[in-house]
Amino acid sequence: MSRRYTPLAWVLLALLGLGAAQDCGSIVSRGKWGALASKCSQRLRQPVRYVVVSHTAGSVCNTPASCQRQAQNVQYYHVRERGWCDVGYNFLIGEDGLVYEGRGWNTLGAHSGPTWNPIAIGISFMGNYMHRVPPASALRAAQSLLACGAARGYLTPNYEVKGHRDVQQTLSPGDELYKIIQQWPHYRRV
């Protein structure tokens, strides 16, 4: 009798696993971190094949309160100083292990120049990673976000991760973070 239920058990396990893969974890909404209203209107065509990882090269944040302030600072710089329609990144990663929604999955970013912005999601780690690595919680948050994006169809199943320095002349995402993302399974050199 237990053999009769074995296929059903496998189907149940598969469905539960799929549900877990689609869990986007802790994404802090724009409203929760106090974002200014976006003035962006250009949509990003999905699914997206590329993800560009950068760092803000700014202050570190390691608590939800400090990361919310840092996300506001980044947005302020992009909107007020650079004249952009919003924060340039689709998502920001805090050292508190949380993902902060920037432009999100559906809006064209301003993170990697005119060639890559229309075809890539931009994820930026808040902090400077030239000489130190982000904490494991931040790296896990980024990996979880990418798995979610692929599971929900925002990213192609064979999406490719690039470092910011792979697509533009820059030191971003910092030497130490760059070493780490080169080990990620979806990393591909240009």
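The backbone N, Cα and C atoms fix where each Cβ goes, and this holds for glycine too.
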Candidates GLN22, GLN72, GLN183; Swiss-Prot annotation pyrrolidone carboxylic acid sits on GLN22
In Swiss-Prot, CYS40 sits in a disulfide bond; tell me which of CYS85, CYS148 is on the other end. CYS85
Between 0 and 100, where does the mean pLDDT of the domain 'N-acetylmuramoyl-L-alanine amidase' (46-174) sit? 98
Go ahead and report the DSSP secondary structure tallies for the domain 'N-acetylmuramoyl-L-alanine amidase' (46-174): helix first, then strand, then coil. 45 helix, 30 strand, 54 coil
For CYS61 (disulfide bond), the same-chain residues 6+ apart in sequence with C-beta under 8 angstroms from its C-beta are CYS67, ARG69, GLN70, GLY94, GLU95, ASP96, MET126, GLY127
The sparsest Cβ environment within 10 Å, among the disulfide-bonded residues CYS24, CYS67, is found at CYS24
Expressed in Å to no decimal places, the gap between the Cα atoms of CYS24 (disulfide bond) and CYS40 (disulfide bond) is 24
